[in-house]
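Taking it in order: structure first as structure tokens, then the write-up.
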Amino acid sequence: MPSELFDLDNARAARDTFLDARRTATLLHKFLDSHRELKSYKNGRTINVDGHTLSLAAVTAAARYNANVELSQSAQVKEGVEKSRAVIAEKVEQGTSVYGVSTGFGGSADTRTDQPLKLQQALLQHQHAGVLPSSSKTLGVLPLMDPMAATSMPEAWVRGAMLIRMNSLIRGHSGVRWELIEKINDLLRANITPVVPLRSSISASGDLSPLSYVAGTLTANPSIRVFDGPSAFGARKMVSSRDALAAHKIKPVTLASKEGLGILNGTAFSAAVASLALTEATHLALLAQVCTALGTEALCGTTGSYAPFIHVTARPHPGQIEAANNMWNLLQGSKLASGHEEEVSINQDKYELRQDRYPLRTSPQFLGPQIEDILAALASVTQECNSTTDNPLVDGNTGEVHHGGNFQAMAISNAMEKTRLAVHHIGKLMFSQSTELVNPAMNHGLPPSLAASDPSLNYHGKGVDIATAAYVSELGYLANPVTTHIQSAEMHNQAVNSLALISARATVTSLDVLTILMSSYLYLLCQAVDLRALRRDLDVGVRAIIAEEVSKLFSNNLSSEEMDLLHSSLYSKYQHTMDKTTTMDAVDQMKEVTASFAPMLVEVFTSTRVMPDALSAIPRFRSNISSRATQLFDRLRASYLSGERGATPASSLLGRTRSVYEFIRVSLGIRMHGSENYSAFANGLGVDDPTIGQNISSIYEAIRDGKFHDVVADLFEALPRSKL
């Protein structure tokens, strides 16, 4: 018996371990852990470079937020570097033939030299072949593209690459001196960023050319330029690397044997850009789930699409479960999304859509595979950041030199290809939800283009709808694989290569387009839920108006019970007709609504007995309601658009998506759109309201600059943990 109990305990422990592993494997947990880590670096925590524990959060912190970086103080780590260096020094002393130490490079490896230090200069010289602006002076002709952006890498990419290269070299497999790694860190600390060509790497023997500009900076090559100055968005200036090192009292490096190859022959740039891309992709994948939940509310959809039975029991793909669980939790407490599907008779829901359309109903199934692909990419790129990716590799313990191909960055390429395709699919889903939201034939009673005033002079969301089509089309183009375009290079020595940096660059572009698309959708979502709030207030008022007019004109003809029944029937007809007439201006819409009352009223007053006085009162009844409802609608529009109802009139209707809505409305100060239209453009354009694009740009910048990361992280931190 004791042994059986012991086995049962072990089984339970194994099960709990498995479940814990699954929980921590979700993209949400990866995002939250990474966000906490990044926040700690931004608050002063130091990044420790030890060759094994570098995270994407650390890469992002060093690359984008100038976080402090220090080399590991472990004696064992330093000893590993020194032992590998000693192997190379001994090989040189003995005159042993070692690739890149006594031989030429690539297809020219059949040449030999006994001048290893000169060989390092020859290596850098032939790799300094990228195209960069010759100066930052004003040009005599307007260029077709920004000269710097079109030819040089953003500083964040370069800083991230330097950190990753340090982390690779410190692993002790590259045969470089400890001082060389320290010098790279000196550049980071001084905020000296080499100006690196955007193009020229095929990421086969690593990112040779880009890394050569880092090496050129370390050696104070006067022809290699750097960005120097107090901050990335301050008075940065482009100066010679020699001048920058002198200004910061950093002594230039004279590269020892193999050290040129040690810097150049690695995947650091590909890994850096991929790391930064995946940090954003993870956030946008979570934000897409928030958008879908908010979209479910804006379209008055049902939470039933995210019910656990569908996803956990019936089709338990991990990504699908995660997406459904997150959206289910986000919608708890919502007064706009229906909590359950009520069973009704055939006649009760006749001519009504029985279920949400695919963009909402199948969103967990659509997003789930993207989540799984991004998770796989995160694992691959994290591993790459903690790998040795140059050639040859040195085993400091045995003295053996290994000639291999760890510089072949196909792991990064594959990660980026699947990430970029996932980005497109996320964008396609957001676009499909967005275009449904602005279409009055599909949006469950919202006005066309989400107009908050008469639609004859308000086409608010139409331009956004067109723009999002452009964005998703570009995403589709960018989703095409890069790796199918590999060309044989360098004397056919590099007959296969990875194009990882090109793929990573394309992924960053794709993420930027998705950010613009999602910013547009978020903007429309906030407008939509405000319109839902306005409509609810209108419904309450019209219901009271109908009750008052029924009592005033028909109390002599009907009993109290009959009046209640008539009132209820008329209100239902009002709601149905309002939903079907949203393309009309308010006056015409209310006339159409009350016209729909006539058949019902005639039937009531002729079905049992003819009531001439009641029949004669029908025109007045319709006129009174039409007039009063139109006036109420106008007052509500005025109060919402003026801000009289507060900045966030829809907050009380939302579930846990409320914080995103309030961030946009309050923190970013983006108001409900339509005041210019309501006043018939009395003050012209751009006076009462900024442009639609300016508002969307504010959301885009908040996502781009990381502010939205905090909002999304805080939102999900507050959600109950999944029990799987």
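All residue numbers here begin at 1 and follow the chain in the order shown.
Here the Cβ of each residue, glycine as well, is placed from N, Cα and C on the backbone.
Here is what Swiss-Prot records for this protein:
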- Y99: active site, proton donor/acceptor (ACT_SITE)
- S205: 2,3-didehydroalanine (Ser) (MOD_RES)
- N265, Q355, R361, N391, K462, E490, N493: (E)-cinnamate binding site (BINDING)
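Here the features listed in Swiss-Prot are placed on the structure.
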residue	record	Cβ contacts under 8 Å, 6 or more apart
Y99	active site, proton donor/acceptor	A109, N391, P392, H403
S205	2,3-didehydroalanine (Ser)	G106, N265, N391, F407, E490, Q494
Q355	(E)-cinnamate binding site	T302, S305, R361
K462	(E)-cinnamate binding site	V438, S449
N493	(E)-cinnamate binding site	G106, G107, A109
According to DSSP, does R361 ((E)-cinnamate binding site) sit in a helix, a strand, or coil? helix
Quick check on the binding-site residues N265, N391: which one has the highest count of other Cβ atoms within 10 Å of its Cβ? N265
Secondary structure at K462 ((E)-cinnamate binding site) (DSSP, helix/strand/coil)? helix
Students should find that the Cβ of E490 ((E)-cinnamate binding site) has, within 10 Å, a number of other Cβ atoms equal to 16
State the count of C-beta atoms found within 10 angstroms of the C-beta of R361 ((E)-cinnamate binding site), not counting that atom itself. 18
The correct three-state DSSP answer for the residue listed as 'active site, proton donor/acceptor' is coil
